[in-house]
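Peer 1: Following this message is one structure expressed as structure tokens.
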Amino acid sequence: MAAGGRGLIRALHSSPCPTWKRAQSGANGRLKPEYDAVVIGAGHNGLVAAAYLQRLGVNTAVFERRHVIGGAAVTEEIIPGFKFSRASYLLSLLRPQICTDLELKKHGLKLHLRDPYSFTPMLEEGTLNRLPRSLLLGTDMAANQKEISQFSRKDAQAFPRYEEFMKRLVLAIDPLLDAAPVDTTAFQHGSLLQRLRALSTLKPLLKAGRTLGAQLPQYYEVLTAPISKVLDQRFESEPLKATLATDAVIGAMTSPHTPGSGYVLLHHVMGSLEGTQGAWSYVQGGMGALSDAIASSAATRGASIFTEKTVAKVQVNSEGRAQGVTLQDGEEVRSRVVLSCASPQVTFLELTPQEWLPGAFVKRISQLDTQSPVTKINVAVDRLPNFQAAPNAPGDQPQGHHQCSIHLNCEDTLLLHQAFEDAKGGLPSQKPMIELCIPSSLDPTLAPPGCHVVSLFTQYTPYTLAGGKVWNEQEKNTYADKVFDCIEAYAPGFKRSVLARDILTPPDLERIFRLPGGNIFHGAMSLDQLYFARPVPQHSDYRCPVQGLYLCGSGAHPGGGVMGAAGRNAAHVVFRDLKNM
């Protein structure tokens with residue numbers, strides 16, 4: 001679809017140069033032949049790692065292959081006048097101490113917290129005096145109960161207990177996010193000193209156990225059972241269950257009936273922003289503004305960040321130790337350590353010389369589950385969507401539900417399961433699960449006056465299509481048209497409001513952002529690929545078989561979701577190792 005219509009006659013405008021960009025014109029921006037540490041990839045985790053290392057006095061350089069930093073946490077004006085969070089689009093899971101330590105607000109980070117945060121309209125006939133029903137959830141528990149009681153009074157009474165139950169589990173899991181997993185290798189094969197040091201890695205696990213106490217078996221079930229089972233035990237109304245279940249399958253090639261889907265839900269409710277547990281926000285200026293703030297913090301301390309500098313190979317010396325990188329243009333940069341924010345597959349199967357990696361390790365990396373159900377569609381529109389269940393106010397000003405994650409085709413968990421079954425057969429879902437967000441409802445800087453940016457996070461779309469088909473432009477547009485038809489049923493007039501769109505299928509997400517298989521987490525967040533086993537068993541502490549080479553991206557513990565924890569944790573592991581060299 002060609003760009004056109006109101007607001008699109010504006011030429012691409014240049015925003016003020018971020019602090020980190022200005023820093024590159026200074027002394028610390030010139031490429032040097034040697035650094036203490038080199039970071040491959042300027043995704044948010046790589047930037048966090050660089051910022052922490054630089055704070056600790058480790059001279060660090062970051063090399064990014066694209067023209068823009070942030071990895072998947074990026075803002076791009078791909079349609080003139082419209083700024084899109086092109087891949088990741090919401091913030092919640094970023095560790096609070098990262099915001100504090102790196103002084104991100106000082107470096108320009110501004111958040112728009114959403115309250116209410118979830119809106120699920122029903123696809124049903126209204127009457128003269130009654131609109132189609134909808135489920136609107138926010139931080140006001142009394143208001144939530146009133147909304148839920150439309151569907152079940154019993155569920156309205158049970159909902160506060162469910163929220164408290166999940167909150168306690170989040171508090172227990174929280175300490176596990178901020179440290180490397182238990183060092184089982186040291187316990188098994190380390191020296192006495194190494195074993196004593198490894199005892200400290202048990203503390204987060206012990207703390208989690210104490211927090212859960214006698215309820216540990218119930219919480220174990222939440223982590224291992226299908227989310228449908230967990231929700232069926234507590235609720236009876238499908239709109240509530242399906243709305244909650246979306247957090248258990250988002251970004252995952254799983255159904256609500258898949259064992260272990262409960263953990264993915266937990267992963268998406270464990271965030272905390274500005275002291276509010278479970279809060280989700282839009283970032284002023286898009287997700288790239290978060291990456292700019294982290295980069296600014298790192299650059300202010302002296303880190304060097306380079307764009308359009310692709311790392312072609314990790315250099316390994318004759319003793320099997322990483323000693324720098326070779327760039328695509330042939331330039332060599334030496335360093336004492338190398339951190340990779342790239343996925344495990346790119347890091348170990350493409351960049352690291354294979355002769356230095358054990359065959360069993362390479363095999364495990366190549367077998368990681370990276371299935372992705374996600375197609376992201378970024379849309380420029382010339383008016384707000386007008387939902388039948390919540391008609392727009394006069395003047396077309398954003399209302400509370402417009403700032404929410406708007407869940408479409410999510411009235412019943414059976415709809416989610418059927419959408420999953422379509423994709424398992426190699427077909428895009430006939431009724432895809434759609435999470436529609438309108439960040440410009442809270443941040444008008446993202447679009448021309450009167451216009452809006454719409455983010456459509458949709459699933460399920462398989463990476464490989466049945467019948468030998470490929471994701472060409474025709475297939476992509478056919479699927480996008482299907483998504484738009486679904487939205488039109490809830491919000492008539494949506495299709496007429498569309499000015500332009502950007503369609504990113506799993507192969508596109510892999511090609512542009514190097515997300516393996518298009519997986520937004522760098523690999524499935526299933527129980528067999530978490531904690532001790534992320535990315536693979538025996539190598540969950542950010543180290544790998546090549547000494548001096550570390551993994552610091554979402555493929556490492558604790559996983560994806562614009563959390564920053566992997567970058568922060570890896571930086572501390574690297575710093576300890578540097579002190580012992």
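Each residue's number is its place along the chain shown, starting with 1.
Note: Cβ is positioned from N, Cα and C throughout, glycine not excepted.
Annotation comment: Swiss-Prot describes 38-71 as FAD binding site.
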Peer 1: Going by a 10 angstroms cut-off between Cβ atoms, which of the binding-site residues VAL38, VAL48, LEU53, VAL58 has the sparsest surroundings?
Peer 2: VAL58
Peer 1: Looking only at Cβ atoms, how many others are within 10 Å of the one on GLY43 (FAD binding site)?
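Peer 2: If we count other Cβ atoms within 10 Å of GLY43 (FAD binding site), we arrive at 32.
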Peer 1: DSSP secondary structure for VAL68 (FAD binding site), reduced to helix/strand/coil, please.
Peer 2: coil
Peer 1: Near PHE63 (FAD binding site), how many other Cβ atoms are within 10 Å of its Cβ?
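Peer 2: The answer is 24.
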Peer 1: If you draw a 10 Å sphere on the Cβ of VAL68 (FAD binding site), how many other Cβ atoms land inside?
Peer 2: 16
Peer 1: Per DSSP, VAL58 (FAD binding site) is which: helix, strand or coil?
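Peer 2: Looking at the DSSP assignment, VAL58 (FAD binding site) belongs to neither helix nor strand, so coil.
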